[in-house]
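Student: Swiss-Prot lists 11-126 with the feature DNA-binding region. Among the features that Swiss-Prot reports, compositional bias 'Pro residues' is placed at 146-156. Positions annotated as ubiquitin cross-link by Swiss-Prot: Lys375. Annotation comment: Swiss-Prot describes Lys444, Lys446 as SUMO cross-link. The N6-acetyllysine feature in Swiss-Prot is assigned to Lys92. According to Swiss-Prot, the phosphoserine annotation covers Ser471, Ser472, Ser475, Ser477, Ser479, Ser483, Ser484, Ser487. Sequence annotations record features per position, and here Swiss-Prot assigns region 'Disordered' to 69-88, 133-156, 242-277. Taken from Swiss-Prot, the feature region 'Necessary for the interaction with NMI' covers 284-456, and the record attributes it to similarity to another entry.
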Amino acid sequence: MALAPERAAPRVLFGEWLLGEISSGCYEGLQWLDEARTCFRVPWKHFARKDLSEADARIFKAWAVARGRWPPSSRGGGPPPEAETAERAGWKTNFRCALRSTRRFVMLRDNSGDPADPHKVYALSRELCWREGPGTDQTEAEAPAAVPPPQGGPPGPFLAHTHAGLQAPGPLPAPAGDKGDLLLQAVQQSCLADHLLTASWGADPVPTKAPGEGQEGLPLTGACAGGPGLPAGELYGWAVETTPSPGPQPAALTTGEAAAPESPHQAEPYLSPSPSACTAVQEPSPGALDVTIMYKGRTVLQKVVGHPSCTFLYGPPDPAVRATDPQQVAFPSPAELPDQKQLRYTEELLRHVAPGLHLELRGPQLWARRMGKCKVYWEVGGPPGSASPSTPACLLPRNCDTPIFDFRVFFQELVEFRARQRRGSPRYTIYLGFGQDLSAGRPKEKSLVLVKLEPWLCRVHLEGTQREGVSSLDSSSLSLCLSSANSLYDDIECFLMELEQPA
């Protein structure tokens with residue numbers, strides 16, 4: 001009689017497991033904060049600190065053990081202590097990814113930067129309709145459905161998960177294997193995928209505030225960036241196309257309704273936490289863009305675009321826009337600019353922006369479509385004023401979809417940067433110059449109208465890598481000029497000695 005095949009052990013669900021571990025009282029710093037057990041804290045010490053101990057990683061290790069990921073199967077005893085130390089960063093990353101993906105918890109406070117007691121405070125979410133299942137637990141990615149080539153290649157799904165979302169960064173995996181393996185590990189750790197980006201924005205639209213509500217531009221105050229005015233005919237030499245009419249307005253780029261980012265009100269605790277608990281932290285959508293608009297170096301607008309698509313316009317936004325429509329970003333009026341020549345040219349440029357510049361996130365790429373007569377040049381580089389070289393400036397063709405940023409390229413460069421295989425930090429700041437060629441030799445900050453876009457996901461990943469000690473600074477080229485602490489007293493003493501000498 002043939003034996004029935006042994007059934008695999010049921011997969012451990014993170015939410016139920018974590019609640020049990022909190023109630024066990026076996027972990028220092030992991031505890032409930034209220035009698036109703038709706039609010040708890042998790043110790044969260046940065047692993048680069050010198051006072052890190054085994055207890056600081058105990059809860060992260062416990063999750064790896066519960067998943068069967070530790071200890072590794074080997075003969076001749078357990079792994080050495082140094083092997084466990086090398087795995088701690090990965091344990092913490094997997095724990096963080098599981099904590100976010102389960103949707104059973106919402107972060108109330110982030111005190112991980114507290115030098116005396118680093119921790120985070122979470123509460124149970126009221127969204128009980130989100131039930132845990134094997135698909136929602138994405139702490140460790142399964143075999144990828146299609147791995148992108150290390151250099152370029154057609155877009156395709158990165159991971160095989162379907163119930164996933166972009167996550168905030170954790171430490172990238174230690175370099176092991178070839179460059180392709182490193183890129184795959186980085187993508188797995190960051191939970192970035194084509195359909196993940198779409199799912200984080202495009203599923204089940206929820207009502208939100210009308211675009212622009214509660215988000216106002218910065219007032220035009222302070223001194224204007226200096227510099228002589230432009231020659232009278234300079235503007236029309238490159239800025240405005242000579243086509244007689246803007247032509248028919250293209251159809252919307254999106255093929256389906258896109259969702260607005262999840263409303264913070266949907267992440268309230270299931271039960272009221274203790275009075276000491278503060279409100280939930282409003283973390284931007286993983287694909288959010290930090291938008292800065294500058295008029296000749298002067299910042300006139302800063303806002304976060306959390307929608308999968310947006311349109312840059314000049315003039316008041318349409319009050320009838322729906323939550324599922326592209327988010328509208330309005331250029332502020334240059335009326336308060338003190339330089340009248342700059343004001344006149346800026347106004348002329350902005351009038352030709354209509355019917356707008358459209359941005360849309362498609363999978364791992366950000367696409368742009370210029371619909372107005374005002375020419376727009378784009379490039380990707382470092383922050384303003386940095387010495388990091390930028391990509392060659394390119395003109396956005398009119399009424400044509402153009403990819404201007406690829407997350408896959410960024411993560412490949414980030415892995416090389418972390419492995420010390422790349423001198424400069426990866427570039428992720430996107431510049432859009434309206435009416436002036438960014439490659440003309442002038443500083444970008446001197447452009448009449450400059451839009452700076454920073455993907456939130458890229459910034460936090462790079463900052464996390466830099467906090468691990470990776471830097472683009474070359475110590476061999478640094479020459480620090482410091483005064484001697486005693487130089488002043490030495491000069492005074494020499495002066496007094498000269499006074500005592502006979503003439």
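The backbone N, Cα and C atoms fix where each Cβ goes, glycine too.
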Student: DSSP on the DNA-binding region (11-126): how many residues come out helix, how many strand, how many coil?
Tutor: 45 helix, 21 strand, 50 coil
Student: Using C-alpha atoms only, work out the spacing between Lys444 (SUMO cross-link) and Lys375 (ubiquitin cross-link) and round it to an integer in Å.
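Tutor: Cα-Cα distance, Lys444 (SUMO cross-link) to Lys375 (ubiquitin cross-link): 15 Å.
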Student: Between Lys92, Lys375, Lys444, Lys446, which of the recorded positions has its C-beta surrounded by the fewest other C-beta atoms within 10 Å?
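Tutor: Relative to the other recorded positions in Lys92, Lys375, Lys444, Lys446, Lys446 has the fewest Cβ atoms within 10 Å.
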Student: Tell me whether Lys444 (SUMO cross-link) sits in a helix, a strand or coil according to DSSP.
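Tutor: Assignment for Lys444 (SUMO cross-link) reads helix.
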Student: Average pLDDT across the DNA-binding region (11-126)?
Tutor: 85
Student: Does DSSP give Ser471 (phosphoserine) helix, strand or coil?
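Tutor: For Ser471 (phosphoserine) - judged by DSSP and reduced to three states - the answer is coil.
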Student: Nearest of the recorded positions to Lys446 (SUMO cross-link) by CA-CA distance, picking from Lys92, Lys375, Ser471?
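Tutor: Closest by Cα distance to Lys446 (SUMO cross-link) among the recorded positions Lys92, Lys375, Ser471: Lys375.
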Student: To the nearest whole angstrom, what is the C-alpha distance linking Lys92 (N6-acetyllysine) and Lys375 (ubiquitin cross-link)?
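Tutor: Lys92 (N6-acetyllysine) and Lys375 (ubiquitin cross-link) have their Cα atoms 47 Å apart.
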Student: When you measure from the Cβ of Ser471 (phosphoserine), how many other Cβ atoms are you left with inside 10 Å?
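Tutor: There are 12 such Cβ atoms around Ser471 (phosphoserine).
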Student: May I ask for the distance between Ser471 (phosphoserine) and Lys375 (ubiquitin cross-link), taken between their Cα atoms and rounded to an integer number of Å?
Tutor: 37
